[in-house]
Amino acid sequence: MMKSSNSPLYLLSCLLMLLLLPVPSLSADPDSLQDFCVADLNASISINGFPCIPASKVNASDFFFDLSKEGVTNTSNLNFSVTPANVLAFPAVNTLGISMNRVDFGPGGLNPPHTHPRAAEMGLVVEGSILVGFVTTSNVYYSKVLTAGEVFVIPTGLVHFQKNVGNGKGIVFTSFNSQMPGVVISSITLFGSQPPMPNEVLTQAFQVDDAVVNSIKSKFGS
């Protein structure tokens, strides 16, 4: 016997269905359908992730990763280093929709303006004084200097940065709701792409002449 479309039970069922429909869209990565899927990084086929290695070949060490080692920060004028624990470095996070980074800063070190197209970010400052800032799609800039024990969050896809404004080194651990959040560094993307982005686009966008664009491009190898 069909329920009346006016019955309280029917209306409640419809309401519950409407509430549940958006839930899958809240996940950055698809939900896993098994306990684990340690990535086979050597597989020839990859569709939005990596195939699993056979469970019989998985061992305890696959589920552990070391982020205790300090990164080398003095290899560029940015004076910072990122140690990723995404699926490429830590295959056990495959299909789990999570990953982490360790970010080390020398004095004045800068993690330059960038975005993560596939994930929101939460960061914990472990050491140092770190200026964290991001810009919304309404062109509003939010920032704060954080010290050890303080946490920040960056919404998905927004341009953001971290800069060590203290006198010593800085350490930040960041986490993401994606096994592979991706990173788009604004300066490298615009001025260091291969093949190069046309000068006429950059000069018009930034309201500068060719000499300025060429000077910046020369610093990014294109």
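Any Cβ shown, glycine's included, is placed from N, Cα and C.
Keep in mind it's a predicted model, so treat the numbers as computed, not measured.
Here is what TrEMBL records for this protein:
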type	residues	note
BINDING	ASN101, ASN111, HIS116, GLU121	oxalate binding site
BINDING	HIS114, HIS116, GLU121, HIS160	Mn(2+) binding site
DISULFID	CYS37-CYS52	disulfide bond
DOMAIN	65-214	domain 'Cupin type-1'
SIGNAL	1-27	signal peptide
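Counting residue by residue with DSSP, the domain 'Cupin type-1' (65-214) contains 22 helix, 57 strand, 71 coil.
Excluding the listed site residues ASN101, ASN111, HIS116, GLU121, the same chain places VAL82, VAL103, HIS114, GLY123, ILE154, HIS160, THR174, PHE176, PRO181, VAL183 with Cβ atoms within 8 Å of the centre of the oxalate site Cβ atoms. Computed over the domain 'Cupin type-1' (65-214), the whole-number mean pLDDT of the model equals 96. Spatially close to HIS114 (Mn(2+) binding site) yet at least six residues away along the chain are VAL159, HIS160, PHE161, VAL183, VAL184, ILE185, SER186, judged by Cβ distances under 8 angstroms. Under a cutoff of 8 A between CB atoms, and with a sequence separation of 6+ in the same chain, the neighbours of ASN111 (oxalate binding site) are LEU78, PHE80, VAL82, VAL103, PHE105, PHE161, GLN162, LYS163. With respect to their backbone Cα atoms, HIS116 (oxalate binding site) and CYS37 (disulfide bond) stand 24 Å from each other. The disulfide-bonded residues under consideration are CYS37, CYS52. Their Cβ neighbour counts within 10 Å are lowest for CYS52.
Among the record's oxalate binders, ASN101, ASN111, HIS116, GLU121, no two C-alpha atoms are more than 14 Å apart, and one pair sits at exactly that spread. Among the listed binding-site residues, namely HIS116, HIS160, the Cβ with the most fellow Cβ atoms inside 10 Å is that of HIS116. Excluding HIS114, HIS116, GLU121, HIS160, which define the Mn(2+) site, the same chain contributes THR115, PHE134, ILE154, LEU158, VAL159, PRO181, VAL183 within 8 Å (Cβ to the Cβ centroid), listed in sequence order. Its Cβ placed at the centre, ASN101 (oxalate binding site) has 23 other Cβ atoms within 10 Å. If you take the C-beta of GLU121 (oxalate binding site) and look for same-chain residues 6 or more apart in sequence within under 8 angstroms, you find VAL153, ILE154, HIS160, THR174, SER175, PHE176, PRO181.
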